[in-house]
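Record features, source Swiss-Prot:
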- 4-168: domain 'EngA-type G 1' (DOMAIN)
- 10-17, 57-61, 120-123: GTP 1 binding site (BINDING)
- 177-352: domain 'EngA-type G 2' (DOMAIN)
- 183-190, 230-234, 295-298: GTP 2 binding site (BINDING)
- 353-437: domain 'KH-like' (DOMAIN)
Amino acid sequence: MPKPVVAIVGRPNVGKSTLFNRIVGNRVAIVEGEPGVTRDRLYQDAEWSGRSFTLVDTGGLDFKESDEIIQGVRRQAEIAIREADAVLLVVDAKAGLNPGDEEVASIIRRAEKPALLVANKVEKFDSLEQIYDFYRLGLGDPLPVSAAEGLNTGDLLDRLVEMLPPEKEDEYPPEAIKIAVIGRPNVGKSSLVNLILGEERVIVSNVPGTTRDAIDTPFEANGRHYVIIDTAGMRRKSRIDRPTEKYGVIRALRAIDRSDVVLVVLDAVEGVTDQDKRIAGYAHEAGKASVIVVNKWDLVEKDGHTMNRYTEKIREELAFMHYSPLLFTSAATGKRVGKIMELVDMVAGRHSMRISTPGLNALIREAVLRTPPPSDKGRRLKITYAVQGGIKPPKFVLFVNAPDLMHFSYLRYLENQIRAAFGFEGTPIRFVLRKKTKEA
């Protein structure tokens, strides 16, 4: 089920990023030391009162070009508001009403999206004259908060979850494998989808972002049900210019949330970009199975070592996705495109694979004997038992004497041992540590 998307919009320096960090800061688990994932905190999942949503911070997208402030705010807000399910308009109560605030508010009113007006930087809640001018924005009662101090943010979240659309399930058969095709504009996503489907169901043009929107295409192959979620409409050339291209991420987030398998499509000529890392990182953190598809391979000049060099470079840039199979393709020539669905089936199977508890514990014992767990000041970590606690992605619960002694590098070692013994290619693996209690 896709999470609703909430966009935080407003002119620069009103506290958007502070509010973003306040909402997600204590509700997002980030593994210390995990390499490679780009964490610019542009977007993050959050939860309140049992409702999950994806929060998007426009603070990192303020224009650094020579554009006027209001022009920059307009472009950011139009994209964020169009793609979001709900909007938080943040204004600066200290600075008072500003033409930039009025500009964003007018866009929200025209879009008819659920919106909450957040008057930030309110220090004294017994004297609120400073927020009265914001009623002129036509978005209802301004909610006074202090994002820096956390004041009234609980009330803000209560009102926000009331605005979110009702939860609903996808209408496809439960056994259908949902495949998200993600990547930057013009990397060849639609052409690859057309070849997979064997027919022209998706509009294709050489102009980035010509697909009208994210398109679901159910189909059957070899007796199995699939749904391809094509996000080729990440950017509309007539509406969005290059500085705001990052907002294609919002559609990718939705597609990833709904998917079982993610095809991360890269441009072989341009290589891995920051946006590629962001979107791939979200797929990894969401626990999805994945295949890295390097398209336009026909445009690369090659010698006998080219593929090895490219593989090494991509593995370095997307180190957090080290488990994903890598496929070099050309939608223009059809080379290796036929292998995509083979890999989809394979990684989907690994994503939902279970291994026996005796087999898992035997492997853990051997791994511990080969390389003992870390210790600290005479205390040594002991792993007494292990069990697989879930699938999609595979999750392993380790019962230990002292969870605080576990180091990320040792978990990576155990992950490598599990992968070597059982496979799990194409899927992330999660670990949960449980303290072993002494029996009475």
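Cβ atoms here come from the backbone N, Cα and C positions, even for glycine.
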Alpha-carbon distance [Val122 (GTP 1 binding site); Gly183 (GTP 2 binding site)] in Å: 41
Inter-residue C-alpha distance, Lys189 (GTP 2 binding site) and Gly10 (GTP 1 binding site) (nearest angstrom): 32
Asn186 (GTP 2 binding site) and Asn13 (GTP 1 binding site), Cα-Cα, nearest whole angstrom: 33
Separation of alpha carbons, Gly10 (GTP 1 binding site) and Trp297 (GTP 2 binding site) (Å): 42
Structural state census, the domain 'KH-like' (353-437) (DSSP three-state): 32 helix, 24 strand, 29 coil
Rounded to the nearest Å - Cα separation of Val122 (GTP 1 binding site) and Asn186 (GTP 2 binding site): 45
Cβ neighbours of Val122 (GTP 1 binding site) where a neighbour is any other Cβ within 10 Å: 23
Per-region confidence, the domain 'EngA-type G 1' (4-168) (mean pLDDT, whole number): 78
Integer Cα-Cα distance in angstrom, Asn186 (GTP 2 binding site) to Lys16 (GTP 1 binding site): 31
Cβ neighbour count (within 10 Å, all chains shown) around Gly183 (GTP 2 binding site): 26
Reduced DSSP assignment, Val122 (GTP 1 binding site): coil
Gly10 (GTP 1 binding site) in three-state DSSP notation: coil
